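Features reported for this protein in Swiss-Prot:
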TOPO_DOM  1-8  topological domain 'Cytoplasmic'
TOPO_DOM  30-52  topological domain 'Extracellular'
TOPO_DOM  74-89  topological domain 'Cytoplasmic'
TOPO_DOM  111-129  topological domain 'Extracellular'
TOPO_DOM  151-161  topological domain 'Cytoplasmic'
TOPO_DOM  183-200  topological domain 'Extracellular'
TOPO_DOM  222-229  topological domain 'Cytoplasmic'
TOPO_DOM  251-270  topological domain 'Extracellular'
TOPO_DOM  292-337  topological domain 'Cytoplasmic'
TOPO_DOM  359-366  topological domain 'Extracellular'
TOPO_DOM  388-392  topological domain 'Cytoplasmic'
TOPO_DOM  472-489  topological domain 'Extracellular'
TRANSMEM  9-29  transmembrane segment
TRANSMEM  53-73  transmembrane segment
TRANSMEM  90-110  transmembrane segment
TRANSMEM  130-150  transmembrane segment
TRANSMEM  162-182  transmembrane segment
TRANSMEM  230-250  transmembrane segment
TRANSMEM  271-291  transmembrane segment
TRANSMEM  338-358  transmembrane segment
TRANSMEM  367-387  transmembrane segment
TRANSMEM  393-413  transmembrane segment
TRANSMEM  416-436  transmembrane segment
TRANSMEM  490-510  transmembrane segment
Amino acid sequence: MTQELKSKLLSFFKFIFATALFIFVIFTLYRELSHINFKETFIQFGKINRLWLVLLFAGGGLSLILLSLYDIILVKALKLKMPLIRVFRVSYIINALNSIIGFGGFIGAGVRAFVYKNYTNDTKKLVQYISIILVSMLTGLSLLSILVVLRIFNASHMIDEISWVRWILYIVALFLPIFIFYTVARPVDRNNRYMGVYCTVVSCVEWMAAATVLYFAALIVDIHISFMTFVGIFVIAALSGLVSFIPGGFGAFDLVVLLGLKSLGISEEKILLALVLYRFAYYFVPVMIALILSSFEFGNTAKKYLDNSKYFIPVKDFTSFLRSYQKDILAKVPSFSLAILIFLTSIIFFINNLTIVYDGLYDGNHFAYYIALAIQTSACLLLILNVRGIYKGSRRAIIYAFISIILIASATIYTYASFLLLSWLIIIFVLLILAYQRAQVLKRPLRFKKLAFMLLLSIFILYLNHILISGTLYALDVYHIEIDTSLLRYYFWMTIVIIMLLVGVIAWLFDYKYKRPHHSIDLTLCDAIIQKYGGNYLSHLVYSGDKDCFFNENKDSFIMYRYKSNALVVLGDPIGNTKSFESLLEAFYQFAEYQGYEIIFYQISDQYMPLYHNFGNQFFKLGEEAIIDLTTFTTSGKKRRGFRATLNKFDDLNINFEIIEPPFTQDFFDELKFVSDKWLDGRSEMHFSVGQFTQTYLSKAPIGVMRDHSGKMIAFCSLMPTYSNNAISVDLIRWLPELDLPLMDGLYLHMLLWSKEKGYKAFNMGMATLSNVGQLHYSYLRERMAGRVFEHFNGLYRFQGLRRYKEKYSPNWEPRFLVYQKHYSLWESMLKVMRVIRHK
């Protein structure tokens, strides 16, 4: 049998053993808990003096400070130049997390190695010392096991009745002398020969502190037994927890304590309550404190420290790669810790709803209590819904949390006024203030998908809350009390109304305060940039007056955009100095992220697609633009006789074409407006991606007009200079609809011939929407669907007809794309673009 196979078999048997043990513990624990009277447990909790609870929780929080002795010994042994106060802070965080997700202490060992390696260049010795600390956590329990075997801590009622307990105690007791002999005989450092002994003493103190906290919890719930006997039971329970490999020994430890105390004639209800209080005091409270410390310990200071650490010098590319992620993780620790604290706060006060309900049952003013219940439930739900926003540093999410904490505090003061809970709310409020000051964004974009998820999550949480309350009331057998049950029925709807009011009012006020209005832009700066660096087929639309412009820091490039529904819809590619485009987009994305806006690019070319890709965007092909090569365009030849026939027809009818240069007279503009109004026939103007029929906009470029034999204007088209590459575009094309003449063909042909005569090289006839989109089997599904629309919905919009019309001019087809951010919906992005185009 190979070594690899042996290793796999050993891992498999370990997994089978741990799983079987876990299942056994769960079933046994379930069987024991099924006999417990939860009503009696709840009543016992109500009788506890709140001052004793505060002292218990304080004791649980302070007990973990003793574990800092491990780190002090480590720092002294390695002679690390690390401030003592920081040693205590880091140690507390490590030990609190290790107690919850320890996995035999390996989590704590890993975090210790990560933190302390920045203070020493002897990594090998550091790892050896950490290994001693890791193993010594068991040696303290081994010392206590010896005392149990010697009956100093008397647990004879368990040892005599359960044979496997005796053998486990013997085995663990033997571990201590072996460990001490080995570490003294073969020390890591001869100058610190007794390192293992010191750590064993600390480990023993650690386990005794945990036993003392549990004993104090037992005394609070009126369990009175000898401390020596109690510690004996605790040691056996702790060994069971270690053997189970479950973090914190959850389940196995509790089961042994329950069985051990129950065999002494103590009621199960009291034991269960003592265990719950112990778990909260020794595990939950330290974790909460550790999360608070993390908010201060790991932030910009830690990141700066890593940058300046003389020991943390990567010697390999892979090390440098890992270091970059370590810095990112450290920077996120404060916001992550606060998010966890907010989530836990919400859970705590959701559970405390039981207290409001219970007190309300026996109070004459039921209505006030259930309003307080609805307010607190709404506030707790808002906290949960904004956990991710707080983690992302959103000011709006933090404001929601502010309001929620105030509402919870108000409900707490009115109902059960717990000093401990109010103190906790004050701490959270202070942390939120600090988070608000360093918040990175105003708000995060609210998308339909996220809104639907939040709605489903809210319903699920409210349902769980209902199950919790109704199940508890049923267990407490309180339904015989005569109350106005309609209040309980309306409680759900009161909660919904309160949430809607809170969310609606805060969102409206926030958007009102930070809404970016449309400002008049500096067209002189746009002119200067376009004249110096050139434009594109859409750059002339900057004069339409319905867009904002975003400039880079050097003021040598800009983009045109419109704000709509929490989105910034950008028209076309950036304009200006191409070397500045990346910095321009980076600044624009930072601005949008801070404001909480989505970014959508409409009608971009494929020239800068790699640049858009660098910003994590997705692409959708909108269609293709028809670009006519004027150097080869002609009306001569057999294939062009249709063009000549059209031109000859207009000549026969004495219909003339001319280009009118600005400035325009008022009479000329009135003629244009008459034709435009007839052509629109009551329809609304399009916006954003086409020009505006305003005197200001039309005065920026020449206009081609066609007049009949009497001099009456019957058609016109406005031009869009591109200011680059000797290209020109057509913009507005309008004619009198009552005339049965090919006026559109006439305008295009005359414009093409005029442009060629003026020396232009290319003429843009505009885009054929959805043209040549999704034609391959390998295309994206969304593009194949768009292709089907192009093929089969020609009656709704003349997709194919538009392309066929432009095909006769033999253009070159250039693709145009919609660019939208990842995790965003294509259809939502398209709808926002359509709203920008359809509405002014």
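Count begins at 1; order follows the chain as displayed.
Every residue gets a Cβ built from N, Cα and C, even glycine.
Below 8 angstroms of C-beta separation, residues 335, 342, 345, 349, 352, 356, 372-373, 375-376, 378-380, 382-383, 385-386, 421-422, 425, 428-429, 432, 435-436, 438-444, 502-503, 506-507, 510, 596 of the same chain, each at least six residues beyond the ends of the transmembrane segment (393-413), sit close to that stretch.
For the transmembrane segment (271-291), the most Cβ-contacting stretch among 53-73, 130-150, 162-182, 338-358 is 53-73 (pairs under 8 Å). Nonlocal intrachain contacts for the topological domain 'Cytoplasmic' (388-392), taken as residues 6+ away from its ends with a CB within less than 8 angstroms of a stretch CB, comprise 332, 335-336, 338-339, 342, 398, 400-401, 435, 440-441, 443-444. Confidence over the topological domain 'Cytoplasmic' (222-229), given as mean pLDDT on the 0 to 100 scale, stands at 89.
DSSP labels the residues of the topological domain 'Cytoplasmic' (388-392) in these numbers: 4 helix, 0 strand, 1 coil.
Residues in the topological domain 'Cytoplasmic' (74-89) partition by DSSP class (helix H, G, I; strand E, B; coil) as 11 helix, 0 strand, 5 coil.
Packing against the topological domain 'Cytoplasmic' (222-229) from elsewhere in the chain are residues 44, 152-155, 215, 261, 264, 266, 270-271, 274: each is 6 or more residues past its ends and has a CB under 8 Å from a CB in it. Sequence-remote contacts of a segment are chain residues at least 6 beyond its ends whose Cβ falls under 8 Å from one of its Cβ atoms, and for the topological domain 'Extracellular' (183-200) they are 70, 73, 77, 125, 128-129, 132-133, 136, 139-140, 143, 176.
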